[in-house]
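Trainee: Here Swiss-Prot flags E135 as active site. What Swiss-Prot records for C92, H134, H138 is Fe cation binding site.
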Amino acid sequence: MAKLTILEFPDERLRTKAAPVETVDDETRKLVDDMLETMYDAQGIGLAATQVDVHRRVIVMDVSDDRSQPRVLINPEYTPLGDEREPMQEGCLSIPEYYAEVPRALRVSLKALDRDGNPYELEADGLLAHCIQHEYDHLEGVLFVDYLSPLKRDRVLKKMQKRHRAMQDA
């Protein structure tokens, strides 16, 4: 396994819409394993392939307290269950050190393929439902800051630009 580099906002590659995975093969499984290692190393609960500059519809996540329940979502599709929405504090490995409340569907129905290409379905609520929607947005080239007001989004952009300058000067 290998740790991958996570792209950071405002990198335009984060805006790329991911293409479906045609075949789940050894290359796909290696990507999944590398993404899980990267996510765990970065202390995240979810990671989309777009965030590591691979523009395929692959997501990994683990919202368990003890980091023991990795989930793999290949070619995911979700549907909100009902109209009820709930704001929840979100962060993002591509926008480090910034958090904001984002309203999302309270419950979702998910269809995806697992690490071996087997189809599965599940219904999710709470943190898992939020994480599914957040990571799915990455596959569409959407970031959680896109849900914020222009003023707040501009503040995040300035903060990230300052962070990048500081990293270059170091």
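Note that Cβ sites are derived from N, Cα and C of the backbone, with glycine treated the same way.
Remember, it's a predicted structure, so these values are computed and weren't measured experimentally.
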Trainee: Cβ atoms within 10 Å, counted per site: which of H134, H138 has the most, among these binding-site residues?
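Mentor: The residue with the most neighbouring Cβ atoms within 10 Å is H138.
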Trainee: Which residues in the same chain, at least 6 apart in sequence, have a Cβ under 8 Å from the Cβ of the residue listed as 'active site'?
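Mentor: The answer is G46, L47, A48, I59, M61, L73.
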Trainee: Provide the three-state secondary structure of C92 (Fe cation binding site) computed with DSSP.
Mentor: strand
